[in-house]
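**Q** Okay, handing you the structure first.
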Amino acid sequence: MVKTMKCKFCDKKSYIKLKSPKMYLCKEHFVEYFENKVKKSIDKYKMLSKDEKILVAVSGGKDGHAAAWVLKKLGYNIELFHINLGIEGFSEESLKAVKELAEKLEVPLHVVNLKDITGKTMEDIRGKKCSICGTTKRYLMNKFGYENGFDVIVTGHNLDDEVSFILNNLFNWNIRYLAKHEPVLPAHDKFLKKVKIFFEIEEELILKYAEAEEIPYTTVECKYAERAITLKHRAYLNELEKERPGIKYQFLSGYMKNRHLFKVEEEDFQFRECEVCGMTSAGKICSFCRVWKLYKKKKENRN
């Protein structure tokens with residue numbers, strides 16, 4: 001007969017077994033534990049304040065949705081931002097989940113359609129789409145946030161994402177990325193402050209929180225996602241986590257303590273305004289306008 005484990009803090013049946021710290025928790029005490037963990041992380045890194053106007057990026061998946069949910073419960077002033085990328089099947093399901101989330105949270109939802117801005121969808125892009133998609137999402141959410149008076153952008157990147165990212169950049173010795181990897185990116189010119197409230201939270205815990213709170217999200221994945229290397233990294237890290245519970249967090253903590261070792265001296269760099277859209281750019285034309293060839297449209301409109 002299998003023994004039913006009880007919650008550490010009450011007599012209810014356990015909902016989850018935490019590996020680090022080792023304890024069983026019922027659904028109610030797990031939700032309390034999770035939300036306190038997020039609050040501590042926000043306070044630790046001075047991520048957010050209650051008077052800030054916060055734009056939460058939601059793609060339809062559990063991480064962004066859980067981020068919005070917990071911030072609303074903690075009393076922050078949030079609104080949701082979603083980009084319809086025009087990917088058959090995926091975009092429809094994502095938008096449906098996002099609308100349901102906004103309705104449950106009773107917060108404003110802002111939806112931007114990629115085709116309305118570029119005249120194209122991600123389906124129209126040939127070859128590898130992921131890097132262009134990343135550039136597109138970062139640009140559009142920052143531009144929308146800047147033009148609509150938001151103070152900060154929150155994304156749902158979690159501990160597993162961060163550790164995998166750091167590991168990948170260590171393998172490739174991308175020093176510049178390693179030097180700038182932070183839970184909070186400060187505002188600069190037209191770049192809004194960006195925050196990762198799940199920087200220290202495992203993906204597994206986010207999933208269990210989403211299930212416990214019955215947060216609406218879609219499990220449909222993008223058919224173009226390039227995840228081969230990332231999945232291998234995660235599988236390796238998950239095996240290590242089984243053998244040494246807490247190793248992911250220890251790895252991230254070690255990186256945060258020693259990230260100054262990756263700092264490199266850089267020449268004084270002056271950002272400028274993109275000649276096409278006017279947003280902050282490293283060059284004459286920003287990466288978004290360049291990849292979507294919007295500079296060509298501007299020339300055509302002049303003629």
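Using N, Cα and C of the backbone, Cβ positions are placed for all residues, glycine too.
Feature table excerpt (Swiss-Prot):
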type	residues	note
BINDING	C7, C10, C26, H29	Zn(2+) 1 binding site
BINDING	A57, I83, K137, G156	ATP binding site
BINDING	C130, C133, C222	[4Fe-4S] cluster binding site
BINDING	C274, C277, C286, C289	Zn(2+) 2 binding site
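Give me the local environment of each listed feature.
**A** Of all the Cβ atoms in the protein chains shown, 19 others lie within 10 Å of the Cβ of H29 (Zn(2+) 1 binding site).
Around I83 (ATP binding site), taking its Cβ as the centre, 26 other Cβ atoms fall within 10 Å, counting all chains.
Long-range neighbours of C133 ([4Fe-4S] cluster binding site) (same chain, six or more residues apart, CB within less than 8 Å of its CB): L85, M122, Y224.
Its Cβ placed at the centre, C277 (Zn(2+) 2 binding site) has 18 other Cβ atoms within 10 Å.
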**Q** Around G156 (ATP binding site), how many other C-beta atoms are within 10 angstroms of its C-beta?
**A** 23
**Q** Looking at the binding-site residues C7, C130, C277, C289, whose Cα is closest in space to that of G156 (ATP binding site)?
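**A** Nearest in space to G156 (ATP binding site), counting only the binding-site residues, is C130.
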**Q** Could you tell me the C-alpha distance between C286 (Zn(2+) 2 binding site) and C26 (Zn(2+) 1 binding site) in angstrom, no decimals?
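**A** Checking the Cα atoms of C286 (Zn(2+) 2 binding site) and C26 (Zn(2+) 1 binding site) gives a distance of 49 Å.
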**Q** Of the binding-site residues C26, A57, C222, which one has its Cα closest to the Cα of C289 (Zn(2+) 2 binding site)?
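**A** Smallest Cα separation from C289 (Zn(2+) 2 binding site) among C26, A57, C222: A57.
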**Q** List every residue in the same chain as C10 (Zn(2+) 1 binding site), at least 6 positions away in sequence, whose Cβ is under 8 Å from its Cβ.
**A** C26, E28, H29
**Q** Do me a favour and check the Cα-Cα span between A57 (ATP binding site) and C274 (Zn(2+) 2 binding site); whole Å is fine.
**A** 24
**Q** Find the one among the binding-site residues C130, K137, C222, C274, C277 whose C-alpha lies closest to that of C7 (Zn(2+) 1 binding site).
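**A** With Cα distances computed to C7 (Zn(2+) 1 binding site), the winner among C130, K137, C222, C274, C277 is C222.
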